[in-house]
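Step one of this worksheet: look at the structure below.
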Amino acid sequence: NQTALVEFILLGFSDIPDLQGFLFGVFLIMYMIILMGNSLIIIITKMEPSLQTPMYFFLGNFSSLEICYVSVTVPRLLVDLCSQNRTISLPACAAQMYFFLVFGATECFLLTVMAYDRYVAICNPLLYPLLMNSRLCVQLAAGCWVSGIPVHVVLTYQIFSLPFCGSNRLNHFFCDIPPVLKLACGDTLIIETLVYVVAVLVVTIPFMLILGSYVRIIETILKLPSATGQAKAFSTCSSHLMVVALFFGSGLITYLRPKSSHSIGMDKFLSLFYTIVTPMFNPMIYCLRNKDVMVAMGKFLLK
């Protein structure tokens, strides 16, 4: 005679009550940096004529995605840090998880497409204008945005079809898969297997494709006759490679490590890393390591 749950309590960082105000200030500043930095990149890539290339088209899409991605979790986290009522209904929790997973999958696919763009630009420079035409760029971007939708509809539905009849205290700051599955009463083996399969399809395969692209890119760059040409080619890829390492590194550790090695503190830390910290650094990485963006930003700010 167990009663099915209708809501969760997001514990978040309630175990450190003295730091609630400090954390609110830190996360609010980080959120504002993410919004302003990515908005500035979107405006610059739309308005600056010199940045009307496939590389910056995808960068503009990536910045739009980052705003959507962090807005799924951070506003709710900020509200919980200054509120005593931390309850979230099961439908709201399912919606948060769904959009988080969809935008996360879109980011994996978009980073893969950006790696392919750099591969074509460096390994086949003469065919680059023909291969990466505007129509293909739009199709690739649209595919990135919609490909994760059907997969995560099924995954989210399967997770929230499980019975939740025990504790309703969700020891996390948003509805991520590992902490939600810990509260399920039924056998979660099938769902955990499905999560691993989806993680391989959405995270591991794109990551391997990116690595393969960069192996070919590095091989091509090392064959260039001049050191100046090599440095210029590396500079167009370094920022993207740093973002890939930050995002995929934390994501792979979170979703593909064994269940027995999961700890609450480590899960929260890794989640903070790929939900807030990495998106905050992305605009800085792309701006500070890209001369074209820096020049365009200088012109825009002067105007």
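Quick reminder: no glycine exception, Cβ is built from N, Cα and C everywhere.
The following features are taken from TrEMBL:
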DOMAIN    37-286  domain 'G-protein coupled receptors family 1 profile'
TRANSMEM  22-44  transmembrane segment
TRANSMEM  56-78  transmembrane segment
TRANSMEM  98-116  transmembrane segment
TRANSMEM  136-160  transmembrane segment
TRANSMEM  189-212  transmembrane segment
TRANSMEM  233-257  transmembrane segment
TRANSMEM  269-288  transmembrane segment
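Beyond its flanks by at least six residues, the transmembrane segment (269-288) meets 27, 30-31, 33-34, 37-38, 40-41, 59, 62-63, 66, 69-70, 73-74, 100, 172-174, 176, 239, 242-243, 246-247, 250-251, 253-254, 294, 297 of its own chain at Cβ-Cβ distances under 8 Å.
Outside the transmembrane segment (136-160), and at least 6 residues removed from its termini, the chain residues within Cβ reach (under 8 Å) are 54, 57-58, 61, 65, 90, 93-94, 97-98, 101-102, 104-106, 109-110, 113, 116, 177, 180-181, 184, 191, 194-195, 198, 201-202.
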